[in-house]
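*Asks:* Before we start, here is the structure in question, set down as structure tokens.
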Amino acid sequence: MHPAHLLVLLGVCVSLLGAASIPRPSLNIMLFGNMIQCTIPCEQSWLGYLDYGCYCGSGSSGIPVDDVDKCCKTHDECYYKAGQIPGCSVQPNEVFNVDYSYECNEGQLTCNESNNECEMAVCNCDRAAAICFARFPYNKNYWSINTEIHCR
């Protein structure tokens, strides 16, 4: 084997070892992102909704900056209610760890009946938010705003 091939192989192995220690995002975040992509294909990366306005992403306060942000406020409230369901084994702030199943067919989202009550509630929260996002324009000016100034 050529020395150059050995160096490439060594580099790949080191990269894989490093990647193994990187924490994975929760599955629910990925499911929610896929739902958004189902309702808004090719328009806006779902990652743009992770830090938008006062309510999309971590932290929630103040008055929503626009209709997209209102979708996120409603989504936060929906997650809180889902976390209160008897038999739902998550705390409201851990609801992102709930796995659920759904189908996307030509922009239409359906939460599968195989979901338990908690999974169905979280799935429907994500479904409603994805549909809500599709109804309103995404304003790049509200991405990654200073929430301490704009969200009082």
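Every residue number used here counts from 1 along the chain in the order it is shown.
Glycine is no exception: its Cβ is also placed from the backbone N, Cα and C atoms.
From Swiss-Prot, for reference:
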type     : residues      : note
DISULFID : CYS38-CYS104  : disulfide bond
DISULFID : CYS54-CYS151  : disulfide bond
DISULFID : CYS56-CYS72   : disulfide bond
DISULFID : CYS71-CYS132  : disulfide bond
DISULFID : CYS78-CYS125  : disulfide bond
DISULFID : CYS88-CYS118  : disulfide bond
DISULFID : CYS111-CYS123 : disulfide bond
CARBOHYD : ASN112        : N-linked glycosylation site
SIGNAL   : 1-19          : signal peptide
*Asks:* Select the closest residue to the residue listed as 'N-linked glycosylation site' from the following disulfide-bonded residues, measuring between CA atoms: CYS38, CYS56, CYS118, CYS132.
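*Replies:* Comparing Cα positions, the candidate nearest the residue listed as 'N-linked glycosylation site' turns out to be CYS118.
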*Asks:* Within a 10 Å radius of its Cβ, which of these disulfide-bonded residues (CYS104, CYS125) has the fewest neighbouring Cβ atoms?
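*Replies:* CYS104, out of the disulfide-bonded residues CYS104, CYS125, has the fewest neighbouring Cβ atoms within 10 Å.
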*Asks:* Which of the three DSSP states, helix, strand or coil, fits the residue listed as 'N-linked glycosylation site'?
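*Replies:* In three-state terms, the residue listed as 'N-linked glycosylation site' counts as coil.
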*Asks:* Which of the three DSSP states, helix, strand or coil, fits CYS151 (disulfide bond)?
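*Replies:* The residue in question, CYS151 (disulfide bond), is coil (DSSP, three-state).
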*Asks:* Which of the three DSSP-derived classes (helix, strand, coil) applies to CYS88 (disulfide bond)?
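*Replies:* In the DSSP reduction, CYS88 (disulfide bond) maps to coil.
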*Asks:* Give me the count of other Cβ atoms within 10 A of the Cβ belonging to CYS38 (disulfide bond).
*Replies:* 21
*Asks:* Helix, strand or coil for CYS54 (disulfide bond)? Use DSSP.
*Replies:* coil
